[in-house]
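One structure is given below, encoded as structure tokens.
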């Protein structure tokens with residue numbers, strides 16, 4: 001069966017961690033694997049890091065820059081050189097490619113989100129492999145994807161992928177960094193319920209030239225599996241592992257997918273929008289929205305965190321801070337704070353008007369099923 005496959009390769013796998021020099025042998029092996037997947041009829045997307053590292057090498061810069069403007073300029077230098085290498089290698093195998101540069105605000109706008117989906121579908125029909133990266137040159141720091149692990153998971157959700165492979169500098173997920181703790185236990189398979197509860201010392205940062213550590217890969221796994229995408233982590237310098245995992249071999253760490261929602265708009269609410277704040281709920285509200293499919297009312301809200309406006313996205317959390325759902329609010333954070341814990345009929349008297357009886361209508365509310373099930377079934 002033909003499948004849609006997203007592969008993300010990190011800077012640590014593409015380059016030497018000390019010098020930033022590209023590992024052409026790894027890139028060539030990756031290109032060969034992706035071309036084989038495409039020749040077999042699969043739809044293939046590559047999310048490639050490395051632009052900043054390659055740019056630093058090209059300009060003789062020894063350390064990854066910290067200033068945003070400098071990093072964006074260096075990314076512009078590196079992205080062109082990186083794409084030239086990919087194009088040369090894919091062309092030698094007769095495989096056409098396309099470059100897609102995304103920013104978070106584009107995916108937050110529903111029309112742009114749909115346009116991006118349509119572009120990917122058109123490329124698939126043309127037999128093209130899309131190579132994706134964040135458009136660092138114009139990205140706003142506060143609205144960046146943050147790392148390509150997150151970007152790859154969001155792309156996988158957007159295009160309704162079957163698989164997301166994250167290629168990194170370790171062979172699988174461990175209970176701690178195996179480079180620092182040799183006794184760290186390997187983790188072969190993670191269910192949605194286990195992922196919701198997973199708490200390990202995964203490290204907070206990546207290599208010198210990259211931005212993503214194992215913690216970002218777990219965050220990506222939560223996004224991808226919640227969107228119905230199977231995800232695997234495996235060693236980046238062995239791209240052939242992708243084919244072996246798809247053939248059923250027990251390599252790397254595999255994260256089991258949840259059932260995918262058929263509602264494309266709700267997938268956009270869950271993963272396309274960037275939450276601007278948090279709303280904490282009492283037990284009754286949690287049961288009503290998670291088990292009863294109800295809208296969120298003011299009465300069930302105990303706390304509001306962050307500043308946001310009406311029509312923006314927020315996270316819905318239990319009292320311990322675990323995220324249960326996401327939704328688009330009908331009121332601002334200030335207004336919700338004023339009406340929290342009150343019955344809906346009091347909204348007009350408290351605010352002087354009533355924009356809606358609900359804080360979040362159920363049509364604009366998405367349950368993140370594994371976490372909500374875990375929370376509501378607790379104790």
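A Cβ is built for glycine as well, from the same backbone N, Cα and C atoms used for every other residue.
Listed in Swiss-Prot:
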type	residues	note
BINDING	8, 168, 169, 211, 212, 213, 214, 215, 216, 217	ATP binding site
BINDING	49, 136, 148	substrate binding site
DOMAIN	276-354	domain 'PUA'
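Cβ packing within 10 Å was compared across the binding-site residues 49, 148, 216, and the lowest neighbour count falls to 216.
Across the residues annotated as binding substrate (49, 136, 148), the widest Cα-Cα separation comes to 11 Å. Across the domain 'PUA' (276-354), the DSSP tally of helix, strand and coil residues reads 26 helix, 21 strand, 32 coil. Of all the Cβ atoms in the protein chains shown, 17 others lie within 10 Å of the Cβ of residue 169 (ATP binding site).
Mapped onto three states, the DSSP output places residue 169 (ATP binding site) in coil.
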